[in-house]
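Enquirer: Structure in structure tokens, see below.
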């Protein structure tokens, strides 16, 4: 499933085609994705101007001139693809209609924005912009890891006394929004923390020290266009490249990249997810 860097990359890719532009026509090709699409969705979108595109955790929100916001969740295999007239650098020569093109937005200026989702685990909804943060998908989310509200004091306070593994704590969207399995594995490696270590055992300084590492990993991943492992593509159809710089994720049995370390990357399963780590470097 796309994590924060992938969703932010898609948001940035959509911006030239959508931000400030009118939706001249919307087409909905099926009534549901993961859940039923909102009633009269095509009618409610057509003629609306996109005021801005923003991201909350792993969700994209397009704020519309009529007072509603289009909430987009890519799910496991969803893609937002831009085709048609060249708008900025994010244009993909995407034939229409393709089999899994479920929602199509014809934009002012000639660009076409298509939501394509072969597995239909993605979702779309229309919500009042002023109440978007109360939507069930957003209401319980913690602060953004790249935002000002997420700092060392906050994270140290949230981890103090927690008797869950530090990996599980960082994946808890109520503590910090948008982190997923890939990037938490990479963060814990850089921090030298074993994924099974109890969050409450870190102490204030080590817990607070996770914040700059989280920011560093996410920023590097966004700069690389995210990580393409299976279905993820940028809005122009290109792959992300951060997977080529993974230090532990997906590297089971390979040598640790830490200079002087003779350990091999291991894999354990926590709550149904693979945790990649170096048993020598991470304690």
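Keep in mind that glycine also has a Cβ here, set from the backbone N, Cα and C atoms.
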Enquirer: Which one of these stretches, 210-246, 247-283, shows up in Swiss-Prot as zinc finger?
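Expert: Feature zinc finger in Swiss-Prot: residues 247-283.
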Enquirer: What is the biggest Cα to Cα gap, in Å, among 100, 119, 162, the residues listed as binding DNA?
Expert: 43
Enquirer: So which residues does the zinc finger (247-283) touch in its own chain, when a touch means Cβ under 8 Å and the partner is 6 or more beyond its ends?
Expert: 165, 167-168, 171, 181-182, 185-186, 188-190, 192-197, 229
Enquirer: What is the number of residues in the zinc finger (247-283) that are helix, strand and coil, as DSSP sees it?
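Expert: For the zinc finger (247-283), the helix, strand and coil counts are 0 helix, 12 strand, 25 coil.
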